[in-house]
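Quick look at what TrEMBL annotates:
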BINDING   Ile5, Gly6, Gly7, Gly8, Gln9, Met10  NADP(+) binding site
DOMAIN    2-97  domain 'Pyrroline-5-carboxylate reductase catalytic N-terminal'
DOMAIN    157-261  domain 'Pyrroline-5-carboxylate reductase dimerisation'
Amino acid sequence: MIHFIGGGQMVEAIIRAILANETVRKDEITVADISKQRNTYLTETYQVTAGVEQAVALKQADFIVIGVRPQDDLASVGAKIREHGRKDAVVVSIVAGVTMEKLASLIGEERAIARVIPNTLTDTGFGYSGVSLNRYATEDQVDDFLNGFGKVMYVEERLIDIFTGFGVAGPNYVYYFIESFADAGVLAGLSREQAWKIVLENILGSVEMLKLTGKHPRQLLDINNSAGGVGINALHELNSSDFAAGLQRSVLKAVKRTTELGLE
Ligand SMILES: NC(=O)c1ccc[n+]([C@@H]2O[C@H](COP(=O)([O-])OP(=O)(O)OC[C@H]3O[C@@H](n4cnc5c(N)ncnc54)[C@H](OP(=O)(O)O)[C@@H]3O)[C@@H](O)[C@H]2O)c1
């Protein structure tokens, strides 16, 4: 049984993905959100058991997922788990910025804890979730569950904020690039629809080329850039812009903000 404490946006995305991937059955999922309305919505939409008595569900759960926000009453959530959660259950926290040390102090030492930063591409099967385990948890215990909502990358806890600002925020950078690229097509004279189709195909095809050939992007650029041609002229303009450094600063800022939020 998997019990979710909190049934907000991220928990819903996880439930939708694990049901679609048939990682678990509907009758193996319980949810306890403080909002009655939210529980009703989750029950009606996914036919899971939402709105359960916390103590009862905690006693049955093999996985206890803490899905509330960092600013919610984590102390009372921790106390409930400490009191009612089975000692052999794995506690999976998706709460951004809350450290393993803090979690252990709330739910009790000597419990298996997985600190997970879920990706936001859960519906696609793409995207890595970042996962740190404490010494009581093993990859074997959590692998199947976590792979139900994306791919899994195990990282040391000290890398979790970097993983968040770089990896989990990753689709944002890509969306922004796609938007800017499509705008460039429109600026040059294509219709929005034409530009959009070309951009999406280029993105998918370029990723596929990198995977297929195993080549470094620079090698593929070299192949595409003939002497004095279109490609190298376009690249020259990008090279003289702030493109690479701007993107890199943006990632560093996201990492910094992740750490700041954890301290607030
Ligand atoms: N969204 C993302 O992309 C994302 C990505 C990675 C990690 N996360 C993490 O996922 C967690 C949830 O984020 P979210 O975006 O899903 O937030 P959310 O939609 O606000 O979900 C949190 C839910 O928990 C409920 N809640 C609050 N206190 C509770 C309690 N004591 N017991 C039971 N339920 C309680 C809230 O109800 P009320 O609204 O009525 O208070 C709300 O429905 C956060 O810790 C966040 O750091 C989110």
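Here the Cβ of each residue, glycine as well, is placed from N, Cα and C on the backbone.
TrEMBL entries are annotated by machine, without manual review.
Residues Ile5, Gly6, Gly7, Gly8, Gln9, Met10 make up the record's NADP(+) site, and a Cβ search at 8 Å around their centroid adds Phe4, Val11, Glu12, Asp33, Gly67, Val68 from the same chain. Close to Gly6 (NADP(+) binding site) in the fold, though at least 6 residues off in sequence, lie Ala32, Asp33, Ile34, Ile66, Gly67, Val68, Arg69, Asp72, Val77, each with a CB less than 8 Å from its CB. Cβ neighbour count for Gln9 (NADP(+) binding site) (all protein chains, 10 Å cutoff from its Cβ): 9. DSSP assigns Met10 (NADP(+) binding site) to a helical segment in the three-state reduction.
Within 10 Å of the C-beta atom of Gly8 (NADP(+) binding site) sit 17 other C-beta atoms, taking all shown protein chains into account.
On its own chain, Met10 (NADP(+) binding site) has Gly67, Ile94, Pro118 as residues at least 6 apart in sequence with a Cβ closer than 8 Å to its own Cβ. The predicted model assigns the domain 'Pyrroline-5-carboxylate reductase dimerisation' (157-261) a mean pLDDT of 96.
Close to Ile5 (NADP(+) binding site) in the fold, though at least 6 residues off in sequence, lie Ala32, Gln54, Ile64, Val65, Ile66, Gly67, Val68, Val77, Lys80, Ile81, each with a CB less than 8 Å from its CB. Summarised by DSSP class, the composition of the domain 'Pyrroline-5-carboxylate reductase catalytic N-terminal' (2-97) is 44 helix, 18 strand, 34 coil. Counting only same-chain residues six or more apart in sequence, the Cβ atoms lying under 8 angstroms from the Cβ of Gly7 (NADP(+) binding site) belong to Val31, Ala32, Asp33, Ser35, Arg38, Asn39, Leu42, Ala50, Gly67.
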